[in-house]
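Since the structure comes first, as structure tokens, the remarks are kept for the end.
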């Protein structure tokens with residue numbers, strides 16, 4: 001009886017042992033690919049992922065909670081690039097290793113990853129990784145050897161890391177030599193920094209990269225048109241540079257783009273760009289020099305920008321200088337047309353996109369008058385490309401607007417206010433219509449326009465009220481005079497044809513004698 005508690009304890013121990021064996025059996029003890037001593041990965045243009053530890057082929061379908069790997073003291077992986085490429089990149093996404101015993105000294109790592117710039121451990125060391133450090137490593141060698149070394153005292157199942165490997169073809173850059181020259185014409189052209197500064201131009205391939213191993217890069221954008229007075233416009237579309245160290249202060253940019261109004265760095269500075277700022281810049285001369293300055297600590301992959309460039313010329317406009325006058329000669333069957341801003345140029349208009357009207361125009365007055373002073377004017381708007389009112393339906397809130405006056409001055413009655421896409425038909429009550437276009441300060445200067453047809457209409461005859469009364473009185477008096485004369489004539493005629501009592505006329509056969517006989521009155 002004394003041994004019964006001991007028997008119970010043994011039974012309990014046996015039961016616990018069986019449960020433990022079942023639990024251990026539920027965890028599949030699989031072999032790792034590291035058993036093969038060397039894991040080979042071929043590097044192509046497509047990015048591929050790798051996660052350590054990686055199970056062997058017969059355990060790859062098991063769910064992660066049931067995967068365990070036997071003790072690994074070291075694991076070697078060899079990355080070999082395709083011979084058509086010249087760069088291998090290993091980008092670590094996660095590193096779950098113990099930190100170095102001495103902070104910052106990676107030679108004191110217990111579990112560590114060592115990268116060799118070759119296919120043996122005798123090659124130069126590219127980097128030593130442990131802790132949570134997840135760098136990106138690039139090499140121009142054909143091989144990169146990765147060696148994972150585990151400290152025997154560490155637990156093997158909680159050491160992991162992941163990375164992405166990919167190959168590239170790096171093309172030498174023209175930067176650092178003479179300035180790259182871009183010819184600007186009247187139509188816009190695009191320029192991408194990495195592609196446009198490469199010795200060999202390639203487009204649309206993610207595995208093609210362009211070396212940026214330079215301190216400065218000069219790009220000269222020069223007008224090459226038949227018009228020697230043409231200027232240059234640069235419209236940046238994308239700028240991928242580090243922001244200024246002091247927000248808003250572009251003099252503190254590390255990587256920066258400086259734009260000069262000319263072909264040398266002694267020309268006036270138009271703008272300094274860094275961060276994500278994407279301005280549109282216009283030169284006053286016929287060229288713009290773009291100088292990219294790279295900080296020595298910046299990675300080539302951190303720098304990129306793109307822009308469109310174009311040559312243009314401002315043509316002086318009659319707007320703001322004098323009133324433009326148009327005469328409507330044609331009637332209802334024919335119309336004349338007016339196009340804004342084309343018909344406001346002081347020089348003959350060319351349809352080329354090289355020309356723009358001056359942006360400093362705030363107002364423009366156009367007087368439309370009929371060819372004869374007895375007619376009026378009708379305007380029929382065909383196109384209106386102006387900003388809509390800030391408050392829908394309230395045309396007093398228009399920024400860009402057209403105001404029409406029923407006369408030849410702004411003191412005349414207002415006929416209508418137009419903005420947005422509204423296209424009315426307007427008729428004057430008087431002879432003239434004065435059109436006043438006002439441009440909002442925030443509006444772009446070359447994307448605002450409108451057109452209309454105009455013709456003359458017959459002006460209805462109108463008299464003052466006093467003249468109407470005088471005319472009425474004269475007409476009424478004439479009617480009275482005619483009526484009185486008519487009645488007098490009727491009375492006179494009736495008196496001439498009234499018969500005389502007892503008078504008879506006797507005619508003889510002779511034509512020269514007429515005998516009159518009167519009857520004597522009969523005595524009573």
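Note: Cβ is positioned from N, Cα and C throughout, glycine not excepted.
In TrEMBL, annotation is done automatically, which means it is predicted and not curated.
The domain 'CUB' annotation in TrEMBL covers 34-168 (among others).
Annotation comment: TrEMBL describes 175-312 (among others) as domain 'CUB'.
Across the domain 'CUB' (319-457), the prediction's mean pLDDT works out to 85. Residues or ranges marked as domain 'CUB' by TrEMBL: 319-457 (among others).
For 1-30, the entry in TrEMBL reads signal peptide.
Taken from TrEMBL, the feature transmembrane segment covers 467-489. Tertiary proximity for the transmembrane segment (467-489), restricted to same-chain residues at least six positions away from its ends with a CB under 8 Å from its CB atoms, involves no residues.
Under DSSP, the residues of the domain 'CUB' (319-457) split into helix, strand and coil as follows: 6 helix, 61 strand, 72 coil.
Each residue of the domain 'CUB' (34-168) gets a DSSP state, and the totals for helix, strand and coil are 15 helix, 64 strand, 56 coil.
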